[in-house]
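Per TrEMBL, domain 'CN hydrolase' is recorded for 3-243. Per TrEMBL, the feature active site, proton acceptor maps to E44. The active site, for glutaminase activity feature in TrEMBL is assigned to K111. Among the features that TrEMBL reports, active site, nucleophile is placed at C147. For S173, K179, the entry in TrEMBL reads L-glutamine binding site. Taken from TrEMBL, the feature ATP binding site covers G291, L292, S293, G294, G295, I296, D297, S298, T398. As annotated by TrEMBL, deamido-NAD(+) binding site applies to N374, E403, K514.
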Amino acid sequence: MTIRIAMAQLDMLVGDIKNNTESVIAQSLIARDEQNADVIVFPELTLTGYPPEDLLLRPSLRPRIEAALAQILEQVHDIYVVVGYPRDIDGELFNCAGVFYQGQILGEYCKQKLPNFQVFDDKRYFEAGNTACIVAIKGIKVGLSICEDIWHPEPIAQAKEAGAELILNLNASPFHIEKMGVREQLLHRRASENQLPIVYVNYMGAQDELVYEGGSFVVDAKGVKIRQAPWYETGLYCVDFTIAEDRQPRLEPISGDIASTLDVEASVYQAMVTGLREYIEKNRFKGIVLGLSGGIDSALSLAVAVDAIGADRVQAVMMPYTYTSSMSLEDAQEEAKLLGVEYSVLPIEPMVAAFMDTLAPEFEGYARDTTEENLQARTRGVTLMAISNKKGYMVLTTGNKSEMAVGYATLYGDMVGGYSVLKDVFKTLVFRLCRYRNSLGYVIPERVITRPPSAELAPDQIDEDSLPSYDVLDEILHKYIEQDMSAEAILASNEFDRETVYRVLRLVDLNEYKRRQAPTGVRITERGFGRDRRYPMTNGWHIGD
Ligand SMILES: Nc1ncnc2c1ncn2[C@@H]1O[C@H](COP(=O)(O)OP(=O)(O)OC[C@H]2O[C@@H]([n+]3cccc(C(=O)O)c3)[C@H](O)[C@@H]2O)[C@@H](O)[C@H]1O
Ligand SMILES: Nc1ncnc2c1ncn2[C@@H]1O[C@H](COP(=O)(O)OP(=O)(O)OP(=O)(O)O)[C@@H](O)[C@H]1O
Ligand SMILES: NC(=O)CC[C@H](N)C(=O)O
């Protein structure tokens, strides 16, 4: 005898309980009728999407969930549906997974391990469960667990103790650069220490800063991966288990397709594309507009925008000023041509001159400084926002993680925008990603990758006049921001000079106010500048500690 389980690697819109419920019903019927599945397993909090944040505090949530559960029970039969939802039990909210069959809930599991670190805030909303939930499906004792549960030994050991022969794990496990490998090692350990096969089902899609890359998979009781669903694709992916006649061993998964793992650049690039596409489509923007400077950040952002929503919905705007080189003008035009997007050239001299004329009495007696540079960036920001308002296009902001770390960007200038694909990507990785994108098809002119980065806000300016080289800067930033090292610990390796390290760390600390005002963007690392890192803006902390 066999049991076929469909892993529903799907995208849900946070808060859209009605459509998410309809999708659960439709996919369950497809799994039953077209794939002959016995069971369908959805990701964590299927009905609300993840994370629903403070929508979970709305009083109207509870009746809507109850109505959704009733609808699934009524409309789906002849397949076991394993679905996630928040549920009020005796006045307390739990993060639940239920097994629905023939109009009944056969069992309901409450998540036990509530993550409250990095981007996760589960304890703000949920009470923790404390018991295993085992449901018999075709004579097999199936144990349920929800995402963070699998990262700890106790819930799975408890399920095993309660008789589980198979674990179904519902996830909302967001991408970061090392996550794919980490999950596989984790499942290997958890399955082998309990001698239990595990079916791991994840979302594919994105929600604000979080990207879900899919990659649902199955390990056997030894922890060996026997099925790997593709990355960055939605779908129903089935796995079969045989149930031995003598029931020794009782349950054996049958190997299926194993999608190959993506390398770092491919995976990060796909995360950026997915994050942006989902943000644009779920928020119903008509398109994307961005300032195209001829520099590398806007070039890469443009390529991601086109890959996300198509060239016909992307507009690039070159806004030259006195300091814009002919090389920048040529390269920006070339990028737009290679990618086939609408391209406009809007010189900003008259607008900047008008500002300067109006401000002249105000500035009398003051020397020229960054104020005038920032005016150029702000004029571009105003221009892009006007196009955004008029056409319903979202402004894609282009600042990378290195710049956002040290505040190398102008508030209300090049920081305007609704979303960023580079805010968690260091400049050194920006270069690698451009090479990766060009390996798929040449879209970023070689000169854009090889010329020294410049903000072109003053004559002959290059970034490395005011910042250390990006190799050095990124290494210091990685140690301070992502590894929490102090200045003295960073200096201990003798790789950097004292003055540079203290200057960089001081800039990072001082610029928290800028990052707070920056648009959201795709989380790529385990320590992005979003919900991962919540520092006070006003503080008396000693720089570098
Ligand atoms: N703690 C605090 N809390 C709240 N607000 C605070 C603040 N400290 C300053 N401010 C405000 O922020 C202002 C300073 O910020 P802002 O106006 O942005 O100006 P600012 O940081 O002084 O200058 C922008 C810097 O970014 C560089 N840049 C600009 C554009 C593009 C690029 C690039 O290569 O991509 C680089 C530029 O060369 C310059 O070094 C202050 O005048 C004040 O209004
Ligand atoms: N001449 C310009 N025309 C259009 N947009 C511009 C121009 N200059 C700057 N921008 C916008 O402001 C952003 C910041 O650019 P800037 O040149 O100051 O620094 P950067 O970090 O080197 O970025 P890039 O590598 O894209 O040039 C650019 O990515 C672009 O979106
Ligand atoms: N939703 C969750 O419980 C996610 C937590 C888990 N550690 C993960 O990132 O996969």
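Cβ coordinates are placed from backbone N, Cα and C, and glycine is handled just like the others.
Predicted, not measured: the structure shown is a model, and the values here were computed from it.
Within 10 Å of the residue listed as 'active site, proton acceptor', counting C-alpha to C-alpha distances, fall none of the binding-site residues G291, T398, E403. Looking at C147 (active site, nucleophile) and S173 (L-glutamine binding site), their Cα atoms lie 7 Å from each other. Within 8 Å of the centroid defined by the CB atoms of G291, L292, S293, G294, G295, I296, D297, S298, T398, the record's ATP site, lie the Cβ atoms of L290, A299, S301, L302, A332, excluding the listed residues themselves.
Closest in space to G291 (ATP binding site), of the recorded positions given as K111, K179, E403, K514, is E403, taking the CA atom of each residue. In this structure, T398 are the recorded positions from C147, S173, T398 whose C-beta falls under 6 Å of some atom of ligand 2. In the predicted model, the domain 'CN hydrolase' (3-243) shows an average pLDDT of 97. Note: the deamido-NAD(+) site is recorded as N374, E403, K514; in the same chain, A377, G399, G407, Y408, A409, T410, L411, G413, D414, M415, N511 also have Cβ atoms within 8 Å of that site's Cβ centroid. Taking CA atoms as the reference points, D297 (ATP binding site) and S173 (L-glutamine binding site) are 28 Å apart. Nearest Cα neighbour of E403 (deamido-NAD(+) binding site) among the listed recorded positions (K111, S173, K179, S293, G295): G295. Close contacts with ligand 1, defined as a Cβ under 6 Å from any of its atoms, occur at E403 among the recorded positions K111, C147, D297, E403. Taking every pair among G291, L292, S293, G294, G295, I296, D297, S298, T398, the residues listed as contacting ATP, the largest Cα to Cα separation comes to 12 Å.
Reported as a whole number, the C-alpha separation between S173 (L-glutamine binding site) and K514 (deamido-NAD(+) binding site) equals 29 Å.
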